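Annotated in Swiss-Prot:
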ACT_SITE  138  active site
ACT_SITE  159  active site
ACT_SITE  177  active site, proton acceptor
ACT_SITE  243  active site
BINDING   153, 154, 155, 156, 157, 158, 159, 160  ATP binding site
BINDING   160, 202  Mg(2+) binding site
REGION    264-269  region 'Important for the catalytic mechanism of dephosphorylation'
């Protein structure tokens, strides 16, 4: 996905101090952010001009100790053709020499009101999510009690209908039919809908419904972490399904492994309630309570008592 300076400005509500339409259309190609403190001393080895340049209180205070000519020289070296923009935090005053060098080198100058660390975190979070490599998977992503559950299965098995029932039970739809997943950082998988399918759900026999319009803003999310995969499968008499919770199946997406639970589907079974219970049970395991282990311990105690008798 291409991220432009204008998109960053709109997302983080930054003020454009200098920058025309052409400069704001510049692409940001990396999520890494540079604080050019060392470069201000004249050391440019390993300098990465393609990064966003962030000026905070430390850099600003150091600039105040320099002469006007030295400040201009510093920014003339920092600003390159490939530099997307410079962001000044805390609403600090923009030095005239910075503006002059920015105009001469074609670099947008932006200003944020937040602290330097807060602004850096916000920019990194946004850029990492937008620039991450994406994979599209077939399924439905639903936020169940704050946990992202990816529901997969054969076409026509009832994924969308199940998602609708979960929404009616107070949970939130993230994506239907196509889920774009990406690793925001190591070990963390996120999913979001394709823009054209945002907040929409397809129900066979009914058509396309707008979940946000029908059920309100509390029934949808624009993105969610993916923590659990539920695979719906047609019930077959000769098929063996886990009945004790011993299964440790996983699927791997974008290099991140998440647990997978296979749930048989047959007429009369309330799949949405089963998925809800599976999600709560998984969360309980994450918190240290394992119902399967409790059952095994009770069974072991019972066998021991019977043996003594």
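Just so it is clear, glycine is given a Cβ too, placed from its N, Cα and C backbone atoms.
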Non-site residues, in chain order, whose CB comes within 8 A of the mean position of the CB atoms of 153, 154, 155, 156, 157, 158, 159, 160 at ATP: 232
Candidate with sparsest Cβ neighbourhood (10 Å radius) among 154, 177, 202, the listed recorded positions: 154
Count of other CB atoms lying within 10 Å of the CB belonging to residue 160 (ATP binding site): 20
Residue pair residue 153 (ATP binding site), residue 202 (Mg(2+) binding site) - Cα distance, angstrom, rounded: 15
Cα-proximity to residue 138 (active site), 10 Å cut-off, over binding-site residues 156, 157, 158, 160, 202: none
Candidate with sparsest Cβ neighbourhood (10 Å radius) among 138, 159, the listed active-site residues: 138
Helix, strand and coil counts within the region 'Important for the catalytic mechanism of dephosphorylation' (264-269) (DSSP): 0 helix, 2 strand, 4 coil
C-beta crowding around residue 153 (ATP binding site), within 10 angstroms: 21
